[in-house]
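The structure under discussion appears below in the form of structure tokens.
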Protein chains: 2
Amino acid sequence: MTISVLLVEDDIDLAATVVDYLEIEGISCDHAANGVQGLSLIDNNDYHVILLDINLPRLDGLSVCQKVRASSDDTPILMLTARDSLKDKVAGFDAGTDDYLVKPFEIEELLVRIIALSKRRSGQATSLNVGNLALQLKARTATYAGESLKLTPITFKLLEKLMREATKPVTRNKLMLAVWGEDQPDSNSLKVHIHHLRKQLDKVNANLSIDTEAGFGFVLRKKSP
Amino acid sequence: MTISVLLVEDDIDLAATVVDYLEIEGISCDHAANGVQGLSLIDNNDYHVILLDINLPRLDGLSVCQKVRASSDDTPILMLTARDSLKDKVAGFDAGTDDYLVKPFEIEELLVRIIALSKRRSGQATSLNVGNLALQLKARTATYAGESLKLTPITFKLLEKLMREATKPVTRNKLMLAVWGEDQPDSNSLKVHIHHLRKQLDKVNANLSIDTEAGFGFVLRKKSP
DNA sequence: CAATTTCTTAACCTTCACTTAACCCCTGCT
DNA sequence: AGCAGGGGTTAAGTGAAGGTTAAGAAATTG
């Protein structure tokens, strides 16, 4: 699977260098030139890793980091900074940073750390389990206590996302991204597929349900009643 | 909570220095002088972070790391090494390492990274607590002594703000900003939502109340009467 | 290229959260 | 007393969000 990262960096030359290098290495790379723009991209996409410069116009890197964490987003964040003092590092980690790199850095080193951070999150499990529900990623099959569910490509992706985040609500936006990427249908497709998924869970009498968090999104969790 | 780490390092002098320093900083630190001994300590304890030298007698650091990961143990591992080549770093990350430090390192830097790694693991439970009231930010749930409150998107944001500032009064203005941002309703919405929140706290017999500071705003604090 | 599965769209209905406004109470001020 | 204003309570209305269904377009499959 291809890694996608966001680079938030106001030095246009440096940014161009990094973006070009990463694209060549097969990593899809968006770029924001200031903190506010960065935040908005983060809200509307699902990056694997975020690269944050500390000195940014409009909103500095630490603040961006804090805001991201405050919105319960745990995407790995790598800080880029010219400063090398321990104080800054401590402040970074306090803000919720996962790693940092001191400028000037070797670009290969950046690559190594991006790959390491992206691995940390995706964990290469071949099967996801929530309660008695099991999803075989390679075989693209799902079973509940032995009985198999009938999943189409889209409902499979939907269920995968819900299971990865199980017990936590997933926003509509994130679900749409997980299923369709950038190129999303402009109708009520999502709720139709959610409906199909629920029917499948009913059919096997699963002890799990897809609850809706009004105004937010959906959660996969154990049935409450 | 006190952090406990394991240092696997064959250089006895270096090990002693590190152990002493960490103990002074309030971090409990075990020591193993070779890979085999290290593995056995890891199996029989629950460390928050593992510090692994790469060059070790009996079993090298990378192999130790691989074995730990193979047994589904995801304790954060920090590699210590004299080498600085990118190849080694890649190999380290492939083996399941979380972070990397090149010798000679400043011991304060080690401390920073240990704290960061230990946070990463426990940091999952992003939850706010005031008295017996707990707010799980990721799960978007709130419970008082086990019983759960029913929160809408707006009342959730309200409670979050009040809990973040708990025991300090929050002005109306700050609450409005926290909930609606710039685009605020022009009526008495806020007091209606405060009312809903109070009802939820009543329902679970919370020992907390939202007191009003006349002409100012509201405070979440322990019941006074 | 026909048959079947899968996806999107649209229409319709239901539910829910939020706003609004009316009314209440209490307190302080003239 | 009377009245003004801040806060509390309640309930109705509105609009948006969610649920359901079916039909036809699109994509797969043999």
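FYI, residue positions are counted from 1 along the chain as it appears here.
Glycine is no exception: its Cβ is also placed from the backbone N, Cα and C atoms.
Listed features, source TrEMBL:
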DNA_BIND  B:125-222  DNA-binding region
DOMAIN    B:4-118  domain 'Response regulatory'
DOMAIN    B:125-222  domain 'OmpR/PhoB-type'
MOD_RES   B:Asp53  4-aspartylphosphate
Other CB atoms within 10 A, centred on the residue listed as '4-aspartylphosphate'
25
Looking only at the DNA-binding region (B:125-222), report the model's average pLDDT.
91
Checked against DSSP, the composition of the domain 'OmpR/PhoB-type' (B:125-222) is 37 helix, 29 strand, 32 coil
B:Asp53 (4-aspartylphosphate) - helix vs strand vs coil (DSSP):
strand
